[in-house]
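Features as listed in Swiss-Prot:
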type: BINDING; residues: Asp486, Asp492; note: Mg(2+) binding site
type: DOMAIN; residues: 553-612; note: domain 'KH'
type: DOMAIN; residues: 622-690; note: domain 'S1 motif'
Amino acid sequence: MLNPIVRKFQYGQHTVTIETGMMARQATAAVMVNMDDTAVFVTVVGQKKVKAGQDFFPLTVNYQERTYAAGRIPGSFFRREGRPGEGETLVARLIDRPLRPLFPEGFLNEVRIVATVVSVNPQINPDIVAMIGASAALALSGIPFNGPIGAARVGYINDQYVLNPTSDELKNSRLDLVVSGTAGAVLMVESEADLLTEEQMLGAVVFGHDQQQVVIDNINALAAEAGKEKWDWVPEPVNQALHDRVAELAESRLGDAYRITEKQERYAQVDAIKDEVTAALLEQDETLEEAEIHEILGSLEKNVVRSRVLSGEPRIDGREKDMVRALDVRTGVLPRTHGSALFTRGETQALVTATLGTERDAQIIDELMGERTDRFLLHYNFPPYSVGETGMMGSPKRREIGHGRLAKRGVLAVMPKANEFPYTVRVVSEITESNGSSSMASVCGASLALMDAGVPIKAAVAGIAMGLVKEGDNFVVLSDILGDEDHLGDMDFKVAGSCEGISALQMDIKIEGITREIMQVALNQAKGARLHILSVMEQAITTPRDDISQFAPRIHTIKINPDKIKDVIGKGGSVIRALTEETGTTIEIEDDGTVKIAATDGEKAKHAISRIEEITAEIEVGRIYAGKVTRIVDFGAFVAIGGGKEGLVHISQIADKRVEKVADYLQVGQETSVKVLEIDRQGRVRLSIKEATAGTAVEEAPPAPQSAE
């Protein structure tokens, strides 16, 4: 009854199996992909009927990690998985981006892809496995799809490209690049790098695309053996008569509208033209569908913009193809933040802040691959007012999470190591205006805010978004694209880096036929734009501030004997808790004896350091200490001499004369000098008052007040 069909092949250093026909047989297609014990189960369901009024392609990708895959039970209150985490959202986007452009234009049937991680080898990241699974399931489904695609991760270790490096290998890699494409074209690139050159990055993209052909070949072979019959789907025929009528009414007017450089004014004019043309046509013929008219108007807009660019005319806002919009760069714009910057590029603007915290502010991330601590956080917020809209506001959406991660990748390569700068750093980018490439504005703003905060980044970084318009062999690469150029163009190509090299590269291509030559032109043109932006940023701030903000916590580091850690912490944390309350500081202790004291007030930090030094100081025999009586017993008194250490003053060591009753000479809380006579093998301390006060008479203590009966 169950007849699994399996393809098994070698993929770099790993063995991959793709199996179908065993599970989820009511789904349109389902596969289990296994790469060296990391297994992802992927299903595809496509609806045969289009919903009434549907005017966009409803593709949904869900990626979910099950903790049982790693042999664990969820730590949440209900002990089950909840909403997708940030990592799962990013992988879902990674799967979606190369697949979406491969569905034919006009295909509006709902498609849902669900990828579930069911087994995980900590050395093999499930993201590539999930991408392969989604491609295979679509190839088997019969749904109209111009795939399959492959997927590969590329590392760069010892000046060599490495295919699908393990988690341990990635720790030593200067590159983490994911590339996906069809047999003939690259469609998607996502990467972070340690300031590599344009040539090294391009080489990695080509290497990854070449290597993933084995995946595409095996998916094609599996589809030939087990694939379902192709859907009998043809696109709706173009209503040429309606197209001509719309063009007659709107084409020249849209051309004039797209010469308006100011975004909101242009949008208002375009919307007015669309409304007038739609109303006029519906008045002439009530049987026409409004959605069809809008679709034709959209294609006319696209043709107007693209034809001008290809013919060498100025762009929508009057710029040449390689020009960057006007820049305005300011730092220190907010009085109480630790670092701030306002970065404006044309009609795109980001208000970016940097906040410094201690190690306990770091984010602990519990992932399927294991727990890790993140000391650098970058959050991106895109409120609706940034584009003049009144939309919903709430928790970050997929787009905001993805843009924030891209901006973080752009800055990560220049961040200082923990031993150089022991702070947790949080950067927040508030997009206050948007007309193209707000994520790259966030990179520029983050670099400026970090320098304003006194974070010793290795170099300033900037980001730029490139676009492409291509018809046949004719192509034009555009620098610093507008939102419209992104929407109407064939490629969105974002590059971030310093003067030395690239720190992040993201590429989304909507068409096939992007050659190595085109990517080379785009990278070189992006380098020129990046260097221009960096030169303008340098006029605002050249190097990181010499000192951190007066409002930021200052972290002072001292080293103690690891054997003394227990003394500083105390029983149940009593000593360290009392210390933090007494000094108003934050104290963190590492296993090697490193103690970090954070305080906004230098005097408080000094007080905390002196108290810790007292606690951890070695008691020296023969030395005199200031002490305080803590307990009185028949045979003497216990005296605290600092650092939580206590010693016994025997009754014979209180005074030069015979002492009959200890309470006649000492009271609890009384301060007195004591001399250390001996420390025995068990660490017990023997003290003497009479030797510490030799030559000074020890007076009897005043009688304790009698309680009234």
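Using the three backbone atoms N, Cα and C, a Cβ is placed for every residue, glycine included.
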* To do: Return the residue, from the listed binding-site residues Asp486, Asp492, with the maximum count of other C-beta atoms within 10 angstroms of its C-beta.
  => Asp492
* Would you report the average pLDDT that the model assigns to the domain 'S1 motif' (622-690)? => 86
* Asked: Tell me, by DSSP, whether Asp486 (Mg(2+) binding site) is helix, strand or coil?
  -> helix
